[in-house]
Amino acid sequence: MKISVVGGGYVGLITGACLAEKGHHVTIIDIDKEKINAINSARPPIYEKGLEELLARHSGKNLLASTGYESVRDSEISIICVGTPMGEDGSADLKYIVSAAESIGRELKNSGVYHVVTVKSTVPPGTTSGIVVPAVMSASGNNPNIGFAMNPEFLREGIAVDDFMNPDRVVIGSDDKKSGDLVESLYSDFNIRILRTGLVSAEMIKYASNSFLATKISFSNEVGNICKSFGIDVYEVMEGVGLDHRISPYFLNAGCGFGGSCFPKDVSALIHLAKSKGVDPVLLRSVLKVNEVQPLLIIEILKKRLGDLNGKRIAVLGLAFKGDTDDIRDSRAVPAIERLIMEGVDVHAFDPMANENMKAVFPEITYHDSAAGALENADGCLVMTEWPEFSRLDKEFDKMKKRVIIEGRRILSIPDAEGICW
Ligand SMILES: NC(=O)c1ccc[n+]([C@@H]2O[C@H](COP(=O)([O-])OP(=O)(O)OC[C@H]3O[C@@H](n4cnc5c(N)ncnc54)[C@H](O)[C@@H]3O)[C@@H](O)[C@H]2O)c1
Ligand SMILES: O=c1ccn([C@@H]2O[C@H](COP(=O)(O)OP(=O)(O)O[C@H]3O[C@H](CO)[C@@H](O)[C@H](O)[C@H]3O)[C@@H](O)[C@H]2O)c(=O)[nH]1
């Protein structure tokens, strides 16, 4: 099938590359020229396991990239994957969605070929029918050959290719059968459960899924904080809790909280949606509250161990919002470093992949190429990201003045680290 993917970020690029791997002819459209050039030269603009190989196999062949929307006219499906960032009031900002929908609509003017516009971006319920449909229809001169669908994406960064290729489920929302059927045909050889719903349910499933996962994490963190005060190991507790198949063992890892481009943004958007209808989302508000406080707790523990932090040298290991990515969006390291700077700390940071990205946020701190470099002469150390390579650290901590090590993620394998909530 000929497919146009609009937006070549994490979701669009993975979607495009994976659909090319499935044999489709894909054009990725993005307004960012650098990204387009990178994709066309088979250079991944983001780090994602397996992406380089996919681009090497398909770029310039059945995977093309362009800053123009011309390919839409020739495609049977366009998939909107542009960003829906958090607005100032916590709501989802839909300006990129509107502009993408209008551009798609313009290309479909007078086209006699049936085309389905599919929204994959995370959007509030009602967006596809209330914003995308009118924008496309008006720009296309009310072309009757256009259908609409909503196909939320559940991939995780770091293992995005594997998640896209082997999802737990595919959700396809449509208000007419023909549109949904065409999108479903994209997944015909995926051998997984496909759930067909209306447009608004598909949109809401994404928010409810992310909010539930975020709730599991905040719940574990709260239980962890209680456990720590009793000297109980929350990881042992959650192992026991997660053995109940009604709960499952996943997303119960306590620590310094959830970051990333999705959980904080999507929980905030759902809170905003609830309030707009006069519903008070008590639980979701608490999920965010626990998450805001959690990274600051690690600083409190550090203070208990070291006293006044002013002038102290502190190593921060891990800047990415989780392991296996260079993405720092809403990383829990950000509020922690902000607080350290406020306390007058000399911050020495290391991340295997995210140093460069963090330099744009905190140009004033010192970055190192290795954990050992950051730990040299440090008074204390905070571990903020679950990078697997941190589990091999031990002798490196001997470079510190004294081994005062606080973990925000359960990743170290040394006996003398103190956990944030264990
Ligand atoms: N990142 C994830 O893990 C993930 C997973 C599932 C769903 N989502 C959702 O998918 C959507 C995209 O997220 P992302 O992380 O890929 O965002 P991103 O910021 O990495 O990428 C968005 C891309 O869209 C491009 N863009 C913006 N306006 C455009 C336009 N008018 N035409 C063409 N391109 C345009 C930008 O240049 C950018 O490259 C969001 O709604 C997000 O919530 C993200
Ligand atoms: O038990 C856990 C699991 C995760 N995290 C943290 O939660 C955040 C998010 O992790 P993860 O869900 O693995 O990463 P994302 O790539 O943000 O993926 C989430 O957000 C995506 C965007 O919507 C969804 O598609 C995915 O299904 C959803 O897992 C990270 O900071 C993790 O450190 C924990 O603290 N404890």
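Including glycine, each Cβ sits where the backbone N, Cα and C put it.
Because TrEMBL annotations are produced automatically, they should be read as predictions rather than curated entries.
Listed in TrEMBL for this protein:
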type     : residues                                                                                       : note
BINDING  : Asp30, Lys35, Thr84, Thr122, Glu157, Lys265, Arg329                                            : NAD(+) binding site
BINDING  : Phe154, Leu155, Arg156, Glu157, Lys206, Phe251, Leu252, Asn253, Ala254, Gly255, Gly259, Lys322 : substrate binding site
ACT_SITE : Cys262                                                                                         : active site, nucleophile
DOMAIN   : 315-414                                                                                        : domain 'UDP-glucose/GDP-mannose dehydrogenase C-terminal'
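According to DSSP, Arg329 (NAD(+) binding site) sits in a coil region rather than a helix or strand. Of the listed binding-site residues Lys35, Arg156, Lys206, the Cβ environment within 10 Å is emptiest of other Cβ atoms at Arg156.
Under 8 Å, Cβ to Cβ, and six or more positions away along its own chain, Lys265 (NAD(+) binding site) finds Thr84, Pro85, Met86, Ala92, Asp330. When Cβ atoms from all protein chains are considered, those within 10 Å of Gly259 (substrate binding site) total 24, not counting its own. Most Cβ neighbours within 10 Å among the recorded positions Leu252, Ala254, Cys262: this distinction goes to Ala254. When the CA atoms are compared, no binding-site residues among the candidates Arg156, Leu252, Ala254, Gly259 lie within 10 A of Thr122 (NAD(+) binding site). Among the binding-site residues Lys35, Thr84, Glu157, Gly259, Lys265, Arg329, residues whose Cβ is positioned under 6 Å from ligand 2 are identified as Glu157, Gly259. Cα separation, Lys35 (NAD(+) binding site) to Arg156 (substrate binding site), rounded: 20 Å. Checked against Gly259 (substrate binding site) by C-alpha proximity, the binding-site residues Asp30, Glu157, Arg329 yield Arg329 as the nearest. Listed in sequence order, Asp163, Pro167, Asp168, Arg169, Lys206, Ser209 are the same-chain residues six or more apart from Phe154 (substrate binding site) with CB atoms under 8 A from its CB. With a CB cut-off of under 6 A applied against ligand 1, the binding-site residues Thr84, Thr122, Leu252 are reduced to Thr84, Thr122.
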